[in-house]
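Participant: A single structure is presented below for examination.
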Amino acid sequence: MSSISIWTERWFLSTNAKDIGVLYLIFALFSGLLGTAFSVLIRMELSGPGVQYIADNQLYNAIITAHAILMIFFMVMPALIGGFGNFLLPLLVGGPDMAFPRLNNISFWLLPPSLLLLVFSACIEGGAGTGWTIYPPLSGVQSHSGPSVDLAIFALHLSGVSSLLGSINFITTIVNMRTPGIRLHKLALFGWAVVITAVLLLLSLPVLAGAITMLLTDRNFNTSFFETAGGGDPILFQHLFWFFGHPEVYILIIPGFGIISTTISAYSNKSVFGYIGMVYAMMSIGILGFIVWSHHMYTVGLDVDTRAYFTAATLIIAVPTGIKIFSWLATCYGGSIRLTPSMLFALGFVFMFTIGGLSGVVLANASLDIAFHDTYYVVAHFHYVLSMGAVFAMFSGWYHWVPKILGLNYNMVLSKAQFWLLFIGVNLTFFPQHFLGLQGMPRRISDYPDAFSGWNLISSFGSIVSVVASWLFLYIVYIQLVQGEYAGRYPWSIPQFYTDSLRALLNRSYPSLEWSISSPPKPHSFVSLPLQSSSFFLSFFRLSSYGEQKEISGRQN
């Protein structure tokens, strides 16, 4: 068998969860770079009043649509759920692979054609200038007569099918493939985050599929679901879309919660504070996420009682979110904190997610949101939660687990520099947008009065700093692959804290199962079923011995 056919079979016909996870991460990196390029175009256009680079407002809106859909469906979800989820979940539960390995492969390979459809949609005719929300009548056939919106709908359908298949796989794996000793209440928090996310996807995506299919038939088959002339109602689309759209933002952030819990615990050198509380907080956030969707729609003419209910329900979400924030702070408190790149990103996440949550409390109030709706205040709010929440969680997870994924260490100094560059860049970009929103600058408009030019210039400068940080990240990955030194099984262990006691040594060494196997893991991770004892968190399996642990920790020193 030739090396080319072996390579093709490994990467194109793979049924190995670890290889598929790596494919997801590569795909997310590519999509993220594409989405970042679109975001820089937006910020360059807004760097000054009047026309800068993009004379056509339709093109500007098409860029905004492409940026949003790329970042949400093709960057954050494939990285956090597809990438880290696939690679780590079988290791965390002690299983050999995912429950349905071939289903896993098809759920990845649906994404590249979906991405192509989205890119075609942006390039054909004037592009889909609807925003990611694709509201009718703007997305209707009168306003967008070409095939752009249809292609965007097909792209969403394909990525939705991919996510649904992945969700079924994750739920089945967690329920059926846990090794003896890992009860649900001993599962790593990242495992809980993935299964909660999978349930949310399973419940919300069919609603989106129904809404965009109805829009497709309105556009092409003369139905009138959202056409007032035929007895339809465009507000129905908003209800259907946001019934999916609000759980979607929790789908994006809950895996991040799991990663941050893992990394803060690892680099504070103590267990997560309030494990059970953390699990139930994530569950509560997931459930409450389904009953608050109309807070996106305060300005469409909802009844005053309806607005009062959605304000109250939205504010209640702050309670489980606050539990998580304070539990992370309590985990840090009294711990032996090491400011590794992963820990820096985790602390950055906590800081900026808190700021995003505070502006969310403001927007939850119907009376205030009447003023803030569709201004840059909203843009600042959700970018603090996503651009600095989900993305910082991705980097935290990457720097924590990449020695396990690649088996190579990375440059600590450069990766800390990347954190500070990105931290400064995103704050410079999005903090001024709060002020622009308070002054009433509307979203999705490519021109603005001269009075807004100062804060916009600072915001655009911040986006350039963020892009430099992204280039630095690519360079860090490059030198890791070319010059990286071998990483042991658990490169984050602290040898000076070891005692002569075997139990203490092993307790220190492996906070969860994935660190008990080689770096990078073999295609079939566990030769025999690992056993998790109730007294300490460790897997015993063939080839594992005390001598090997001492040899590995000695090699790290």
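Using N, Cα and C of the backbone, Cβ positions are placed for all residues, glycine too.
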Participant: Looking at K186, K324, K404, which residue has the N6-myristoyl lysine feature per Swiss-Prot?
Facilitator: K324
Participant: With H295, H296 listed by Swiss-Prot as Cu cation-binding, which of these, H246, H381, is given for the same site?
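Facilitator: Between H246, H381, Swiss-Prot records just one in the Cu cation site with H295, H296, namely H246.
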Participant: Same topological domain name for F100 and A229 in Swiss-Prot, and hence the same side of the membrane?
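Facilitator: Taking the topological domain names from Swiss-Prot at face value, F100 sits across the membrane from A229.
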Participant: With CB pairs under 8 Å as the measure, which of the listed stretches 148-176, 189-220, 234-268, 376-405, 455-479 comes out on top against the transmembrane segment (275-300)?
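Facilitator: Between the stretches 148-176, 189-220, 234-268, 376-405, 455-479, 234-268 has the largest tally.
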Participant: Is it possible to get the count of other C-beta atoms within 10 angstroms of the C-beta of K324 (N6-myristoyl lysine)?
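Facilitator: By my count, 21.
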Participant: To see if you understand the setup: which same-chain residues, six or more apart in sequence, place their Cβ under 8 Å from that of H383 (Fe(II)-heme a binding site)?
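Facilitator: In sequence order, the residues whose Cβ lies under 8 Å from that of H383 (Fe(II)-heme a binding site) (at least 6 apart) are G356, V426, T429, F430, Q433.
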Participant: Verify whether three or more Cβ pairs under 8 angstroms connect the transmembrane segment (21-45) with the transmembrane segment (455-479), leaving out any pair fewer than 6 apart in sequence.
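Facilitator: Contact between the transmembrane segment (21-45) and the transmembrane segment (455-479): present, because at least 3 Cβ pairs are under 8 Å.
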Participant: Nearest by CA distance to H295 (Cu cation binding site): which of the recorded positions is it, out of E45, G50, H67, K324, H381?
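Facilitator: So, of the listed recorded positions, the one sitting closest to H295 (Cu cation binding site) is H381.
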Participant: Just the number: how many Å between the Cα atoms of G50 (Ca(2+) binding site) and H296 (Cu cation binding site)?
Facilitator: 30
Participant: Any chance the transmembrane segment (412-436) and the transmembrane segment (189-220) have 3 or more Cβ pairs under 8 A, given the pairs are 6 or more apart in sequence?
Facilitator: no
Participant: Rounded to an integer, what is the Cα-Cα distance in Å between Y250 (O2 binding site) and H296 (Cu cation binding site)?
Facilitator: 15
